[in-house]
Ligand code: GLA
């Protein structure tokens, strides 16, 4: 017998479903292995987002998703638009705002069609074509779904064939819609030598904006990377988290709007600030890409997804090798000559690194670069310091048995320089305003093709003249003040054209020198984003190399960027012993910036051995999966491990980050990511000469199951402030 209550429930369900998903609706499903983004197109061709999260087993069931997560009246029908157009019925934060050639300030975007495009292996590229019914104005939304990595890359192209130019006031890369009970945003802030401080906050109704207007080293105060945890605050291994980042090295704006229905609307893209863009008919504007990954098993999975994606698809030689190096910046600053450098080459060799990196101060003659107040832009060897030129140094280094690399800051200029005297119009400045300097320098006008040619030439010349030059550190120490170009006909294109000009130069360089290792530096981490990391093999996270500080800085970068791209140098900053500083540096790409000859016997022996050990474990750190075990924000210990893909090896780092009485690892720490069925031997690495490791005295073999259920105590305490353990499968 069918009960009346049952009939009522069925009817009610049907009513709700049909209210939101009409039979004629089209569903565009963008899926990765575990994630889905679903766009619904209704009978009026309105494209809206109905799902962003875990994928369903049955694709046909996406059509059943009720109600766009709506919990009340949507006065516009497009709160959840795939790309919210401004000026018509929209009432919330738009993704795009334009004024048409005839002065009409409104836009309507309706679905035209969508298609799967062929793309590189392991990816599916979906293009969704939208058009204004009243104007020949089109937007195409691209979604590239990286199947195994669970990453979606989204960007848009904008084009029109109106009679005159159309002004784009806002042109976001992505517009997403996520319904949940609560939204916990983790974003990062900082300054020079103080990068990547996290803040987690509960979003409330209204808009929270992450944004920068600095132009060049755009991330100095705030990087374009964030996480949003849904419902609960983000946890390492639990809960729904979306990690996102904008691949753009200039001004950006990421808006998190909790709308009147308590759903989260996200718009991410180039900052509209001072950037109205006049688009000529027939020309296409391509926005930068917004990258995101969704995880329903916490921040750990989200970051591992991004790491895998970055290594495989984004960072040059992301699955290749990196060079260890000795940098002379903190050893000499500007005070060096050929003799001193030649001695340092030998030191580098003695230490056991692959390369010597000559930093700032090697150039400028009329205005020698003897401090940071002159010479930038005059890229000729200073004849007093280097009378025999760079070629001689390269040979000397190679003679000493190591490779040679060099520091450049091609985008900037000192007011005291021949370059500025010769080309005052190549500099960004306002003719009737006082010049403002950031680290005593100005920014070159990379929107000017002649300047692009000059900047390209700096690198091309130095590599052409020294074909075995093996490394470039590309620095960027000034922000844009007085944002104005003497030659750009569109003043409000400046910020966008600058970044595009930079990318043009980098593209040319990468085409000519596809394998040259290049470090992305910006007075520390002022420019760490996946736009630039398309061209750079690695980045400099911070000038702050204090071992303890670095634990935190690297911890936070690691949510978005893989160890292989993270340059960590052992320097004299901070109070931690050299072992601590070395252990910390090993969680990435190791370098040194110390006076090797000042190391005592044990320090030198330790460092030499550490570099040999690094050779053995680097592949696990660079290519392995990162698992965070104990957070320095909530315990005495920072503990994290890298596990090889086949789970036969792992390297586990633990640090004491608090110094209260009895601080330390009082209990076993549970490991993660191992194979429960495998057996692992545990061995301590980087044991300081003259000390003994209690762990290494017995042959300790444990099952993965034991290590992940009960754990293991690395015995970190005030006498053992950093401990590195290697786990190797024992057959
Ligand atoms: C910046 C970099 C440093 C160093 C100096 C040289 O501050 O971050 O590593 O290269 O410039 O001037």
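Cβ coordinates come from backbone N, Cα and C, glycine included.
Note that the structure is predicted; figures quoted are calculated from it, not measured.
According to TrEMBL, the features are:
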- 1-21: signal peptide (SIGNAL)
- 46-279: domain 'Glycosyl hydrolase family 36 N-terminal' (DOMAIN)
- 192, 359, 360, 439, 473, 474, 475, 476, 477, 521, 543: substrate binding site (BINDING)
- 475: active site, nucleophile (ACT_SITE)
- 543: active site, proton donor (ACT_SITE)
- 638-727: domain 'Glycosyl hydrolase family 36 C-terminal' (DOMAIN)
The domain 'Glycosyl hydrolase family 36 C-terminal' (638-727) [mean pLDDT, rounded to integer]: 95
Binding-site residues near ligand 1 among 192, 360, 475, 543 (Cβ under 6 Å): 360, 475, 543
Candidates 475, 543: member of the binding-site residues with the richest Cβ shell (10 Å): 475
Cβ-Cβ neighbours of residue 473 (substrate binding site) (radius 10 Å): 25
Neighbour count (Cβ, 10 Å) for residue 360 (substrate binding site): 21
Max CA-CA distance, Å, over listed substrate-binding residues 192, 359, 360, 439, 473, 474, 475, 476, 477, 521, 543: 19
Helix, strand and coil counts within the domain 'Glycosyl hydrolase family 36 C-terminal' (638-727) (DSSP): 9 helix, 32 strand, 49 coil
List of residues, in chain order, with Cβ under 8 A from that of residue 477 (substrate binding site) and at least 6 apart: 217, 409, 412, 438, 439, 441, 522, 523
